[in-house]
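Q: Pasting in a structure now, in structure tokens, and then I'll have a few things to ask.
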Amino acid sequence: MLTRRPRRNRKSAGIRAMVQENQITVNDFIFPLFMIEGENKKEEVVSMPGIYRYTLDLLVVEIGECLDLGITTFCLFPSLGEDKKDSMATEGHNPEGLYQVALRTIKEKYPEAVLMTDVAMDPYSSDGHDGIVRDGQIINDETLEVLGKMALAQAEAGADIIGPSDMMDGRIGYIREVLDDAGYTNVSIMSYSAKYASAFYGPFRDALDSAPKFGDKKTYQMDPANVKEALIEAELDFVEGADFLMVKPGMPYLDVIKTLSENFDIPITAYNVSGEYAMLKAAAQNGWLDNDKAMMEMLLSFKRAGASAILTYFAKEAAVLLK
Ligand code: PBG
């Protein structure tokens with residue numbers, strides 16, 4: 001005699017929908033977008049089929065389409081020529097640089113769009129690192145000054161959420177103070193709190209041409225073996241004033257998302273990174289996985305683990321499916 005039969009709650013689509021514990025909606029998404037210099041150009045990222053690098057004029061069109069699909073939040077990443085890069089990432093805080101011009105232009109056209117930024121030196125650095133390089137070392141405290149200037153330039157250009165992805169110690173407190181001193185108390189910070197030194201960023205570095213010119217990022221990004229260390233990073237970011245905590249990559253680190261969501265009462269974001277996107281696309285192109293079903297299952301896993309927002313290259317196609 002089986003009194004308890006869990007299958008009763010799975011017997012029809014109606015009951016299954018009623019007992020569903022987690023849902024994906026378009027409100028969960030933050031859509032990362034790659035930008036290039038110039039006009040009227042749209043180049044597909046080879047290792048990310050369906051993802052493009054846009055010049056600003058076409059980026060504005062893309063954002064308009066996404067807003068129509070219900071996506072409200074966008075995270076911009078610039079891909080610059082080597083001529084715009086130097087050892088101090090100066091272009092990163094140029095008010096007339098591509099990034100700041102883009103923020104102002106998009107805000108003017110679509111004031112309702114929520115714009116999240118990236119704060120780290122790598123897209124602008126001739127060394128391809130997230131901090132200042134001296135004698136082969138990444139210098140923490142001097143890098144904070146550069147990051148502060150970047151955050152301020154972005155806030156001045158209209159950014160809603162500043163996203164420090166650099167993993168320097170103390171950057172959240174430093175940036176919070178710079179923003180507050182300049183009167184930007186309402187500009188939020190989404191900290192890449194637990195950002196791992198991961199092999200899953202490969203396609204992103206292709207898209208931005210931002211791979212480190214020497215060495216790796218292991219002295220600042222976290223060791224994939226560690227989870228307690230994620231609690232230390234999250235605690236510091238929380239105390240220093242972060243409004244959101246992020247875990248990156250997403251799918252190989254669902255346990256970290258869960259740990260942070262159980263220990264912190266501010267929203268947790270999952271970054272479903274470029275390599276996760278590339279893996280599914282490659283399998284789908286071979287006919288080995290069903291793209292749409294695997295995509296929705298992957299996105300749902302972040303909600304189940306406790307994320308409230310998902311930075312994902314799937315945002316637009318998932319939004320189309322959800323409509
Ligand atoms: C760098 C940065 C990276 C990503 C976002 N910001 C790559 C890196 O740390 O080298 C990766 C995102 C992705 O793979 O989708 N500041």
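Glycine too: its Cβ is placed from the backbone N, Cα and C atoms.
Where the annotation comes from TrEMBL, it is an automatic prediction and has not been curated.
So TrEMBL has the following annotated:
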ACT_SITE  Lys195  active site, schiff-base intermediate with substrate
BINDING   Glu233  Mg(2+) binding site
ACT_SITE  Lys248  active site, schiff-base intermediate with substrate
Q: Could you give the Cα-Cα distance between Lys248 (active site, schiff-base intermediate with substrate) and Lys195 (active site, schiff-base intermediate with substrate), in whole Å?
A: 5
Q: Would you count the other C-beta atoms found within 10 angstroms of the C-beta of Lys248 (active site, schiff-base intermediate with substrate) for me?
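A: Looking across every protein chain shown, the total is 25.
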Q: When DSSP states are folded down to helix, strand and coil, where does Lys195 (active site, schiff-base intermediate with substrate) land?
A: strand
Q: Can you tell me how far the Cα of Lys195 (active site, schiff-base intermediate with substrate) sits from the Cα of Glu233 (Mg(2+) binding site), in Å?
A: 9
Q: For Lys248 (active site, schiff-base intermediate with substrate), name the DSSP secondary structure in the helix/strand/coil scheme.
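A: In three-state terms, Lys248 (active site, schiff-base intermediate with substrate) counts as strand.
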Q: For ligand 1, list the recorded positions among Lys195, Glu233, Lys248 whose CB atom is within a distance below 6 Å of it, in sequence order.
A: none
